[in-house]
Amino acid sequence: MQTIKCVVVGDGAVGKTCLLISYTTNKFPSEYVPTVFNNYAVTVMIGGEPYTLGLFDTAGQEDYDRLRPLSYPQTDVFLVCFSVVSPSSFENVKEKWVPEITHHCPKTPFLLVGTQIDLRDDPSTIEKLAKNKQKPITPETAEKLARDLKAVKYVECSALTQKGLKNVFDEAILAALEPPEPKKSRRCVLL
């Protein structure tokens with residue numbers, strides 16, 4: 001059975017672990033536990049063929065900047081996550097996350113993933129952002145960044161309501177299996 005390695009990166013507390021737990025168990029975790037490094041595996045059927053989707057969670061906190069790239073070798077696709085209600089996490093996509101993964105894995109495809117979309121219409125979240133003269137990130141703004149950074153595409157979801165959640169992983173699988181170049185040369189290799 002072919003394995004697809006999918007590594008999830010992004011700032012701390014944008015919902016990377018919730019995304020993975022909600023997708024793999026259909027349950028939303030009730031408390032925040034910062035991640036050091038976790039992985040999950042699910043079997044998915046694509047075109048009648050079974051694949052193992054290996055999902056690798058990473059810690060977004062700066063303390064792990066030197067440790068995190070150890071999970072990058074052999075990655076088939078990255079999910080670069082930001083919260084649609086955290087402008088700083090969106091900014092870090094281009095300032096930190098895409099430079100980091102493209103430095104280590106220049107040929108590996110990545111998707112830009114907006115998380116926590118259920119909070120985009122939440123009055124108290126909107127009010128908090130407004131106090132700092134900020135507002136939620138719109139899909140159009142994120143799609144433009146995805147194009148500018150040469151992401152495969154922009155997708156968004158809510159791990160809480162599961163809206164768009166399955167689509168994130170379906171698109172990740174498609175990106176990993178897309179054959180623009182021979183498969184072997186697209187996997188991440190640390191030299």
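Quick reminder: no glycine exception, Cβ is built from N, Cα and C everywhere.
Range annotated as motif 'Effector region' by Swiss-Prot, chosen from 5-13, 14-22, 32-40, 41-49: 32-40. The secondary structure of I117 (GTP binding site), as reduced to three states from DSSP, is helical.
Each residue contributes its Cα atom, and for G10 (GTP binding site) and C188 (S-geranylgeranyl cysteine) these two points are 18 Å apart.
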